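Colleague: One structure, as structure tokens, below. Some questions next.
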Amino acid sequence: MALPEENPVYGPFFGVMGAAAAIIFSALGAAYGTAKSGTGIAAMSVMRPELIMKSIIPVVMAGIIAIYGLVVAVLIAGSLDTPTKYSLYKGFIHLGAGLAVGFSGLAAGFAIGIVGDAGVRGTAQQPRLFVGMILILIFAEVLGLYGLIVAIYLYTK
């Protein structure tokens, strides 16, 4: 049985790559953000152990980045189908959605990690820096949210 030109046998491959890219790159960003800000918390908590729970916010925000990638990966994986029912166009759209959320999650995770590390160390020395750190972390988190919005918009095409 010959497949139509718009539904080649390799069409679903691009959808699978989109799902993989979504979770892999966003999880890499979340892992980096968690590790980088976690080391800052560990270094700060030696001198100021009472600030540990207050300083956990960057770690939580980094973990949310991975959830963005997970949502898109599950959406894409749920719509995968046999090559006869899955067009090349849909595969490319899903690849683009996965790359959008994945790379924006990677960038957001890097930003959260660097800001979180410096922020918790600075907050230990000057508590008034806490509000500024939170605001910068929110701006870094929104970078990942932009990727999620674009990915969901692409997915619905």
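Using the three backbone atoms N, Cα and C, a Cβ is placed for every residue, glycine included.
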Colleague: I'm curious whether THR39 and THR123 share a membrane side according to Swiss-Prot, where sharing means carrying the same topological domain name.
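Modeller: For THR39 and THR123, the topology recorded in Swiss-Prot gives the same membrane side.
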Colleague: Taking the Cβ of GLU141 (site 'Essential for proton translocation') as the reference point, list residues of the same chain whose Cβ is under 8 angstroms away and which are at least six residues distant in sequence.
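Modeller: The answer is MET61, ILE64, ILE65, ALA108, ILE112.
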Colleague: From the DSSP assignment alone, can you count helix, strand and coil residues within the topological domain 'Cytoplasmic' (34-55)?
Modeller: 17 helix, 0 strand, 5 coil
